[in-house]
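Let me begin by presenting the structure, written as structure tokens, before commenting on it.
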Amino acid sequence: MSRLQTRFAELKQADRAALVTFVTAGDPDYETSLAILKGLPEAGADVIELGMPFTDPMADGPAIQLANIRALGAGQNLVKTLRMVRAFREGDRTTPLVLMGYFNPIHYYGVERFIAEAREAGVDGLIVVDLPPEHNEDLCDPAQAAGLDFIRLTTPTTDDKRLPRVLAGSSGFVYYVSVAGVTGAHAASLEHVEQAVARLRRHTDLPLCIGFGIRSPEHAGSVARLAEGVVVGSALVDRIAKAGSKEQAVGDVLGLCRELAEGVRRARR
């Protein structure tokens, strides 16, 4: 089994949801970002999404857009992001790590080269938000052939006619964007999320992870009762933006991660 399959199987056995945390690689700089990345599993992150900085992150809200600007300004690029994954894997062979971002930097880097180096570095899966299933041959198919999961996003506007096409070829888990719009937007109602989860379960057996707008342990816990995973990104990235020092950024992000993890763990007790 893949690391993602193993992790979700373990959590199903334990009857709890996964805490999926998102941070942008290189934010606010390489060393601080690496310290955060290395600390996330011990702070309670079950799965990590690591953002690949890009100059035009159109699906992201202000917090993550600024994180991209900070990271790029500090010199982060795809080579350094893969180096960061290798450094993380030196001390952690079990926590699933998914790279999330946009196709342009991957295309520029070279798809074949990117897939080979991502696999070698210890990446488990990819989320590429601007690559629809009509372009599976561009990245999804070769990535899966190399052993990388390809995780699709679904939204409230993905209708039943479109949904099977979106889910075809998906692996690892399904990321449900609970509100239409950019990351960090207002949260969807739990009733809406519950209805969406029921609809998705009619189309897939993959674990469902819910994201966008989740900021507090209480909210994370509420969502954890409905799905296999809870994704938190903007709330963590905000802690980096507001920190007065690099040391505080590490401490604040990991502190919030611990609080969120406790909220998720309490959800089904």
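Count begins at 1; order follows the chain as displayed.
For all residues, glycine too, the Cβ spot is worked out from N, Cα and C.
Noted in Swiss-Prot for the protein shown:
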{"type": "ACT_SITE", "residues": "Glu49", "note": "active site, proton acceptor"}
{"type": "ACT_SITE", "residues": "Asp60", "note": "active site, proton acceptor"}
According to DSSP, does Asp60 (active site, proton acceptor) sit in a helix, a strand, or coil?
coil
Inside 10 Å of the Cβ of Asp60 (active site, proton acceptor), count up the other Cβ atoms and send me the figure.
26
Tally every other Cβ atom lying within 10 Å of the Cβ atom of Glu49 (active site, proton acceptor).
25
DSSP-derived class (H/G/I helix, E/B strand, else coil) of Glu49 (active site, proton acceptor):
strand
